[in-house]
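Okay, so here's the structure we're looking at.
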Amino acid sequence: MRLSAGPDAGPSGNSSPWWPLATGAGNTSREAEALGEGNGPPRDVRNEELAKLEIAVLAVTFAVAVLGNSSVLLALHRTPRKTSRMHLFIRHLSLADLAVAFFQVLPQMCWDITYRFRGPDWLCRVVKHLQVFGMFASAYMLVVMTADRYIAVCHPLKTLQQPARRSRLMIAAAWVLSFVLSTPQYFVFSMIEVNNVTKARDCWATFIQPWGSRAYVTWMTGGIFVAPVVILGTCYGFICYNIWCNVRGKTASRQSKGAEQAGVAFQKGFLLAPCVSSVKSISRAKIRTVKMTFVIVTAYIVCWAPFFIIQMWSVWDPMSVWTESENPTITITALLGSLNSCCNPWIYMFFSGHLLQDCVQSFPCCQNMKEKFNKEDTDSMSRRQTFYSNNRSPTNSTGMWKDSPKSSKSIKFIPVST
């Protein structure tokens, strides 16, 4: 992308425009020559092998993200069970991942295919806005989901006070805040001339002040990654502490009650069977959702941390020069971040067994295969039952008993408890 330090400043950027945040500071002389600013002839060049790899990975990422998140939404729609708050958050997080797939991955793949952005200035600004909007929405949906788990675990009484209304307000706030915080893209990016000789135009970033790129990348990194990670870490710190205190208290209470009950039971001559507590069951369900949310947050951090680290390094380290050979590092970190939208659906299905079953049953071909397998299992079970009943029938067993050398008195019928 291009950085402009003033009216006469030349373009600067990586050898290819990429992704929502990249400002591309630090052009080399070879890149300036390619843009028509050096002594050599102007040429539009890029690493074609890297571009083909990026296009292939983006295509696979888009297909897997759309298939996985659409399956989750379809399964949630068809599930006969009562929709819980967690299902509501999963639905909107899947919608946010679909926004990343359609508004970030798909436009970037088309852009890489054409090399230069093909469209008017307003479309350039809209595409850049929607690319960052998906990233904000995915991050903030994780924040509100974790906040809901924090309230459920640490303040369970508040979950009885209109929980559905509070959850919907949190989700609506996440969507609105994501849309508002991504609007600076309209003022940063535009269609500008990137080649002084060929007059080639592209959708690049423009900054009036030299420190504009640092402020922009720092703001986006803080809003999309640092602030959400700090909030997520704080919430999970309180959640883990509360669960630890809860488990320790239950263990001590169970041991004291067990000792008292064992003494009374020993005196009366019988043993009391332990009863199952409903509080314990609810706690296990909450812990399972907390584990699922923790895995989703971990996947988000692992996928996006390299991208934001590279971006911050490129604008804050004065000694960093992103040469053409180092561009694969930027591309690979960006592709790793886009894979996050593919991971979440499988995490949902792993922690929700019925969700995977409902997802499989949503496809007609899978339903036909399931009915076929069920029919085969039923026929096989019927044949086994028929064979067993024939061998145990009175007509066959009478003849065998008569021919037996042993006396019938030796046969003892032992009652079987049912």
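The backbone N, Cα and C atoms fix where each Cβ goes, glycine too.
Asn27 is the residue among Asn27, Asn391, Asn396 that Swiss-Prot labels N-linked glycosylation site. Topology check against Swiss-Prot: Cys124 and Ser352 fall in different compartments relative to the membrane. Record check of Asn69, Asn196 in Swiss-Prot: the feature N-linked glycosylation site is attached to Asn196. Within the set Cys154, Cys203, Cys235, the cysteine that Swiss-Prot bonds to Cys124 via a disulfide is Cys203. Between the transmembrane segment (219-239) and the stretches 53-76, 126-147, 169-190, 294-313, 332-351, Cβ pairs under 8 Å are most numerous for 126-147.
Ranked by the number of CB pairs under 8 Å to the transmembrane segment (89-110), the listed stretches 53-76, 126-147, 169-190, 294-313, 332-351 are led by 126-147. Residues 83, 87, 90-91, 94-95, 97-98, 100-102, 105-106, 108-109, 112-113, 331, 335, 338-339, 341-342, 344-346, 348-349, 355-356, 358-359, 362 of the same chain sit 6 or more residues outside the transmembrane segment (53-76) yet have a Cβ under 8 Å from a Cβ within it. It is 15 Å from the Cα atom of Asn196 (N-linked glycosylation site) to that of Cys203 (disulfide bond).
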